[in-house]
Amino acid sequence: MDVRGTAIRSDAGLFGYERALVRRGLGPVAGVDEAGRGACAGPMVVAAVVLDQRRLGLLRRLADSKLLTERVREEVHADVLAAAAAVSTIVIPAAEIDRNGVHVANIMGMRRAVAVLDVRPRYVLTDGFAVAGLGAESLAVIKGDLMVGCIAAASVVAKVTRDRIMRSLHKRYPEYDFAQHKGYVTAAHTAAMTRYGPCEQHRLSYVNVAALAAPAGETRSLRLEDRVAMTSLRGVTETA
């Protein structure tokens, strides 16, 4: 069904998209988002969330995960789980990102996250770009994690899940201080890679990691999309 003519009031709030789709008989509606796309170490995590329209009152503090402090994000994560009809998370390890490229890995993760939801959505909302093969009609929403409740919920689930993984990896690889920078490009992270070399949790297809892995003979061929992505990420701190 073409929803381009669906009216969504500018003051409809964070749940306006979902409510408009449900009114047209297109519920349940799932939101999908990822965390860790821009990191050079650790996994990328994709989450899909279907919110129970009767429990939206539990989500008064819901917002894009990047706008929440770590403490509040953990609390909102619990709120999302209480308000959700279904939640799924897909963890995509660094080796899979190296093998497929970050964009393809992201798309594959989105498809898998939607496919394993306990509730089958009739419509899927994604953040920023369209994704084919989700098993339901879908719509990309620019700045969806700011504007759409189920996408914001997915962003929180993905972020909290990934941060917990990175804190766990910190215990195994304390020299890289993953608990602090979560695998993103920072001066301290680069200094640690320079001193110790990349570990198995680093994405060797990323330019900055490959350059430091080269002396150890670990260089892999780089996809064009990863070269472009990493060029734009040099010196950038966490954004996902």
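Even glycines carry a Cβ here, placed using N, Cα and C.
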Recorded divalent metal cation site member, picked from Asp127, Asp163, Asp177, that accompanies Asp33, Glu34 in Swiss-Prot: Asp127
Binding-site residues: Glu34, Asp127 - member with fewest neighbouring CB atoms within 10 Å: Asp127
C-beta crowding around Asp33 (divalent metal cation binding site), within 10 angstroms: 32
